[in-house]
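Student: Feature annotation from TrEMBL assigns domain 'Cation-transporting P-type ATPase N-terminal' to 37-113. According to TrEMBL, the transmembrane segment annotation covers 96-115, 127-148, 310-333, 353-383, 800-820, 866-886, 906-923, 944-965, 977-998.
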Amino acid sequence: MVDQTDKQVPDFSDIEKEDLMEVMKQKGIQATRYLDERYIDGINTIIRKLHTSTKKGVLGFDDELEHRRLIFGSNSLPLDPPKHFFRFLFLAMRDWILIVLAIGAVLSLILGLVFPEQCNDKVKIEVAWYEGIGILVMVLAMMVISALSDYLRDSDFRYQDKQVKHEQKVIVIRGGDIKEIYRTDLTVGDLCVIESGSVIPGDGILVQSSDLVVNEMCLDTGGIVEKDPTGDPLLYAATHVTQGSGRFLVLAVGQFTKTAQAATKRVAINPSRKLEIAISSEDDQSHDNISLLYKHKEDNATLQGKINRVAVTLGYIGVTIAIITMVVIIIRFSVYTYSTRKLQFHPGHINEYIRAFIMGIVVLVVSVPEGLPLAITFALTFCTRMMYKNQSLVRHMDIIETMGNITNVCCNKTGVLTEHRMHVTKLYTADQVLDGDPRNYKGRIPSNLFDELCKGIAINTSYTSRILPPAGPDKLPVQAGNMTDCAVLQFVIDVGETYQSWRDQHPEDSYAKLFEFTPERKSMTTITKAEKGMHKIYSKGAGEVILPNCTSIYTNDGKIKPFNSEDMERVQKDIIKPMQDESLRILCLASKSVPEEESKEFENEKSVISNLTLLAVMGIEDPVREEVPDAIAKCTRAGIRVCMVTGDHVNTARAIAIKCGIIKPEQENLMYHGSEFNRYIRDPDGQINKDRFDAMWPNLRILARSSARDKYTLVKGIMESHVKPQGETVAVTGSGIHDGPVLRKADVGFTMGVVGSDVAKDNSDVILLNDNFGSIVWAIKWGRNVFNTVVKFLQFQFTVTWSAFIVIVIGVCIFGRSPLVATQMLWINLIMDSLASFALTRDFPTDDLLLHQPYGRHKALISRSLIRNTVGHILFQIVVTFVLIFHGDDLMDLEDGFTPETLCIPTKHSSLVFTTFVFMNLFNEINSREIHGRNVFKGIHKNYAFVIIWLGQVVIQILIVEVFTRAFHTSGMDAKMWLWCLFLGFSELIWAQIIFSIPKTWLPMFVRCAAIGTSKTRHVNLIRRTSRVSQLGRKYKPSYGFPQDEPHDIPPVTPSGNVLNSPEEELWRGPSMEKLTIMDKRV
């Protein structure tokens, strides 16, 4: 604890951040020489001037930390401020179609005032200019709604970025206490603790390390570098630890780090690059550039690609219909005016030609499915927020749709299927097996063995692993750090000892040598500083690693006796095997003493861990999560295959898999050992035999004692398999440093938020903040819901669009004018695009989504069900509309509103047709909430947005007909007419039930389309700049660690730090990063 009298803000007048940045400019051993030449006492001088310590760090009180940030800067990079709403409005005003439409409206307004339109041989000034004003108002409304949706979407992206930052944490030592803080809270002078998998959060100088290897490939001159306080001590932000551990003193943070300065320099040399990757791009090209820079896993089978294909097709059809509409209106007017009626040209006739041009543009506006990308963006942002509330952080939104197609899940055991709160339940030591209350163990274990065991646990565990006091009176102690280490540390506490006293006697920097745990090594070994001429070696790890290296064992009287091969077989058969069958993780602990003169052999790990004395064999329980069996069952019903990929022993993995429901007790043939797996799928030359692999993987449920490479091979092989015609979509979970490549390779990469390394998080698509397999099932359900949402919106938009097209084209051919005028069509377009895209994307997923098989990569976006529903409703609406057009006047005793004499003026008859058409589509919007089921009202009470928007549209329609009559070419209706409009609209709900009764199998399979998508091309942009919203799903892909342009790939290193170089292992190398594009973007 810090004494109150010590809480004085330190004085940094004798050191500046430029001095520290100059230190970081040095390279390798030159840094040590520079410090010795520049400062009298080298690094110690900087430590004193920064008022910090290599043991206890900074004091850490609030005023001190704030003062450090004021002097040396904060650990964050300046972001562009949020764009104002009017900025998005300006961008919306650049839409060329709306600009052309506005110009036509202005011309119509001016000509309508100067040369009044003749209707029924009477001057009708207000007809033209009111319609012009109405069009301008609708154009403005469309721009405002478009700008508002962009503004809200930008806020969602920033919210997502904020949530990612909220999960970034680092471990520091402040006031002698180990603390976990947010990365942005890091300050100059902090003593930061790093380990394998950590991303370096700031520039600094190493003060203590153990076999530390750092990947500096993100630097211009970087590579795989060994770090040591006496050799190359400098660490740089955005690099990451591939091996070892250490502590470093932070010298520079945020924009003052070497990587940030280098990025700033590149932007200064080529300023256009900053615009190229700006956070909010203002042109289509930039979004494509960003997606290329991310190199995200995508293909033409994605939902976005399919939507692109639909957009292109509808766009071309719309252009064709728009041209036809303009030509027919112009020809019909010209023939009727100058040939039939023999009239002379009058300047007022220009209004008709402008009206024809405006109607053509309106048809084009209606045909371009701007609501499509808007709908998918709204659906993805809504899904992202809801998933975050369910403890799943989506790092970029375009992966959500892929989650709905998952067919295989390759998951870890620890922390995903299990609770990841471990505790020792059985102990074999001194020729006896102990279980039950650990407090009774001490009296049953010889005192010398007891002390040796507890001391070995305290010293030979990561010092960042610790047991913290319970968070509340009814809570359990908090396990922080490596869970296996925490389990054995908790054991020390349970038997009545304290591990911290031994750690205080043997600080990390006093170790003679440390071999940290790695998946390949499967053990951890610590060699303490010599005392009385002897070094003490403590080792712990898997049974197959430790037991063969033991030559002696403690007896029940505290003496040591030889431990031969027969004894080892007995321990494996009678002790370890029963523990494994109980799904316990096995941990063997051993030790030995060696003379000081043998320290030269400490670099030889094989020699170090030989001739050990076995102290104990522990059985560690990690209970299966309560919700996992049900989640596995849901996956099975949903056609999703779950495979456990673990480093644990086969017997332990099998016991856990049975508890989870992955396999049944009698299914022994569904398990493979890692070595057995490789022997089966590889030819003698080491190459993978695809035929053998495809014959094996469908029946694989457990891959035990596997490495990260085995997991990569499995995932890659399944993704490339052709066992099923529709292909496979693979999700994988990973948390370790070597899981980076497989997380990038998989279609969907899930990583653990609690135990996952920074490297794994930076390579992942989704971070499971609670490390829960149930969250994966929730994510799959949301992914399927996004696909369903888009299909629902397509069903509604196709019905509105094609009904309007047919009414317009037939009406123009018969009457010479469209039965629906421009302002009415713009209102209908607003209903089916912006408003519907928001209303139809707020439905929550249901468990019914998990009752069918995965869609697959090549599921047709336009299915037979959609075609059946769409065509059925189009026919109904066309029939009702034209019955009202031709007979509505007689049925309602009204003046015919569709004669050459009345078409140019608002009538109750035309208002009846327009309102009925709108109401039919509003009720069909309710029908569109279901594709397959009949209950279209299911869950509607939870979708407040849908209810509010739907009622709002009804109210606006009433106002349009009764209030804004001149602008929308309408005439007020009486109660009887309103009731008929309401009834005909409501009849859509009844008609929908009839359509649902028609089997979709009556339609041939070939009518399905949009199974294969297309990339965003200039053809789409020529029709409409829809790319403004279609690529925003990958606008942000925030780095979990310090910003960088490529996810981390981890090159494998041997225990000595050498990089492996075989061709297969090249894929594990980090990318050659010549430029930090994301850093450029943020700076």
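Backbone N, Cα and C define each Cβ position, glycine as well.
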Student: Using DSSP, break the domain 'Cation-transporting P-type ATPase N-terminal' (37-113) down into helix, strand and coil residues and give each count.
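Tutor: Secondary-structure composition of the domain 'Cation-transporting P-type ATPase N-terminal' (37-113): 46 helix, 0 strand, 31 coil.
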Student: Please work out whether the transmembrane segment (906-923) lies in contact with the transmembrane segment (800-820), by counting C-beta pairs under 8 angstroms that are 6 or more apart in sequence and asking whether there are at least 3.
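Tutor: Stretch pair touches.
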Student: Which sequence positions outside the transmembrane segment (866-886), separated from its termini by at least 6 residues, show Cβ-Cβ distances below 8 Å to it?
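Tutor: Distant contacts of the transmembrane segment (866-886): 791, 794-795, 798-799, 802-803, 806-807, 810-811, 819, 898, 912-913, 916-917, 920-921, 924, 927, 931, 984, 987-988, 991-992, 994-996, 998, 1000, 1002-1003, 1007-1008.
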Student: Counting only residues 6+ away from its ends, which parts of the chain sit with a Cβ under 8 Å from the transmembrane segment (944-965)?
Tutor: 134, 827, 831, 835, 838-840, 842-843, 906, 911, 914-915, 918-919, 922, 925-926, 929, 971-973
Student: What average pLDDT is reported by the model for the domain 'Cation-transporting P-type ATPase N-terminal' (37-113)?
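Tutor: Taking every residue in the domain 'Cation-transporting P-type ATPase N-terminal' (37-113) and averaging pLDDT yields 82.
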